[in-house]
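**Q** Here's a structure for you.
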Amino acid sequence: MRRTSQRPLPSGRITVPHAVGWASSVGLAGTALLATQTNMLAAGLAASNLVLYSFVYTPLKQIHPVNTWVGAVVGAIPPLLGWAAASGDISLNSLILPAALYFWQIPHFMALAYMCREDYAAGGFKMYSLADPSGRKTAMVAMRNSIYLIPLGFLAYDWGVTSGWFCLESTALTLAISAAAFSFYRDRTKERARRMFHASLLYLPVFMAGLLIHRRTDNQHFLEVNAEGFMKSPSSVETSEMDDKNGNQKIKGRQGTRARPPVAYASIAPFPFLPAPSYDIV
């Protein structure tokens, strides 16, 4: 392929045994590092993704167009791996960023595959766009997966991962990429495909930056939930009785129930480079 001809392996700057040896050594070393320094869940995700990329996705590129969707799974696992490394588990909250990466990759790659379909055909790759001369199905798939991104901002807010501002910003951002996909669907030219491709390049860093800026710590979520319960929900408090020192007088008091914040580790994952916050609340 003209697009990849100058990469080290196709250009002959390294040999196939050299590439296999290097990839195997760093793959094993990275998995071992995750297993010893984080946890086995993160190491298992890393090892699974290496196998999926090397022995499923890569061969499928010359066999069947489903390779694009398998590649989207490969691209979605790394942020899930980061969450697992930071928290030690996988929860609903951990699926926000992987879902964004999965659905984002489809319009991103459909635009690229449409622009470079002659190049992919020359390289012997079975891309979805090659079986779609009009480009209508390719553009429809891109637009459909762009629309799938719309609920993610609301889910991030509803599940307590981010503030409401992220919901608004993510919705506006996703509508923009959906508009670019719709424009490509209406006028299936390389220029419109290139415009959608550029929109997809802008989407991901802005989405991730929004997650970082508007993230909510467990402390914030805990205080807000307790404040709402104190103001609005009498059923969330318990009445306790205690004897005084003489045992003659009973004092009735109201004691709030303390619930564990549902957003475990949301303040550091999937951004493990941030300092871990304190969860102690007096």
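Here the Cβ of each residue, glycine as well, is placed from N, Cα and C on the backbone.
Where the annotation comes from TrEMBL, it is an automatic prediction and has not been curated.
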**Q** Which residue range, 163-185, 255-277, is the one TrEMBL calls transmembrane segment?
**A** 163-185
**Q** For the record in TrEMBL, which of the ranges 12-34, 219-241 is the transmembrane segment one?
**A** 12-34
**Q** Is the count of Cβ pairs under 8 Å between the transmembrane segment (92-116) and the transmembrane segment (12-34), pairs 6 or more apart in sequence, 3 or more?
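**A** Between the transmembrane segment (12-34) and the transmembrane segment (92-116), which are separate recorded stretches, there is no contact, as judged by 3 or more close Cβ pairs.
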**Q** Taking residues 6+ outside the transmembrane segment (197-214), which of them lie with a CB under 8 Å of any CB in it?
**A** 96-97, 100-101, 104, 107-108, 111-112, 115, 156, 161-163, 165-166, 169-170, 173-174, 176-177, 180, 270-271
